[in-house]
């Protein structure tokens, strides 16, 4: 019987060197742990099998770290599959997945509504196919944040991913859509002014010059006409009638992908869902033209309705719509000279004191230019064309001549669409800019003035008492 043994591992050795080397091995340490746990020792072959199995598990974990898992619904990247499984069971992922399903369902319903308008019924549609389409739309939905997007190492993969998301490639040297749209509007305005100037010049020439007209044959007249000019005019007219590429139709929402069956329903949707309102709607004369212009501004120019040229540039309609929804910019900017942008769609003649209902605008302009100022000899007051009264300075020593501005504001006859929208605004509690709103504004101005005076008074009073570190610069 050998004298050198290991009781823990139940093995014998020929010499002391092998015994000391055995005590330093992992096999002996493993059996020591098993002995402490009151478990039987394992043989050398069994220990090697367990080591190989543990190495396989470690290699699989390393491989899973290299192949990261990505959640499309949440836009998150996970290093291990276990973390990905834990994320799938979280409440946050379930909420985002439900939102994605609802968004995809709304998109499918919108497409179905458009198909119904085109005459394509939904009969015979397979429900399984619809569900598969919804799941495919969820998987194809892009990430909401560029920081959460999966990493793409090569340019080819980047171009493929951009094409899959539907984002067109953009040339860095290309001008932003906003700048291009502003240039187009400037060209249209210059062209319109030039045409108006030509028409005025032709009218003046016809009035000043008396030319002798000669009778010519019909064949000669046809020979003088240039067919190329007529073709060019027809092309220009067709270009003006057709909407620009990318413009939002008047039946689609300016701030989301909602589609309505009519213009009035579209405006009602934008009012209720996005709190969009049209300023001075009682004087609006062309609702369709205004919504069409705003659709071109958002769809073609990619411009925020509130930021205008001051905000950052956008390169897609979805981006500018998301910006307006996130920043609560679903409103028109009409402060100062910005209101002149929408002047063509309004008619404020009904607010003029000398306006008569049913009067021709041309006659009104002629009367306004030839109008004579009225003067009252008894009160020595001068009545201006705007209705304002001006007193004489010789009477200033007796009393202060302060005349109000009487304005009889009447609501002009407008289109049926504008009337319906106005009724919707009033049903939502809109009161306009008169009455209690003006009184409240004046009260707030008075409160602000009193607060400013009080703050100035307190500041002046504490200016002399709160100088804790003041030191006189005389008599050192």
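Every residue, even glycine, has its Cβ placed from backbone N, Cα and C.
According to Swiss-Prot, the feature zinc finger maps to residues 69-93, out of the candidate ranges 69-93, 94-118. Per Swiss-Prot, the stretch carrying the note zinc finger among 4-28, 29-53 is 4-28. Mean model confidence of the zinc finger (4-28) amounts to 90 (pLDDT, 0 to 100 scale). If you draw a 10 Å sphere around the CB of residue 275 (phosphoserine), it holds 12 other CB atoms from the protein chains shown. If you look at the zinc finger (4-28), the same-chain residues 6 or more away from its ends with a CB under 8 A from one of its CBs are 35, 41, 44, 47, 51. DSSP places the residues of the zinc finger (4-28) in helix, strand and coil in these numbers: 11 helix, 6 strand, 8 coil.
Within the zinc finger (69-93), the DSSP-based counts of helix, strand and coil residues read 11 helix, 6 strand, 8 coil.
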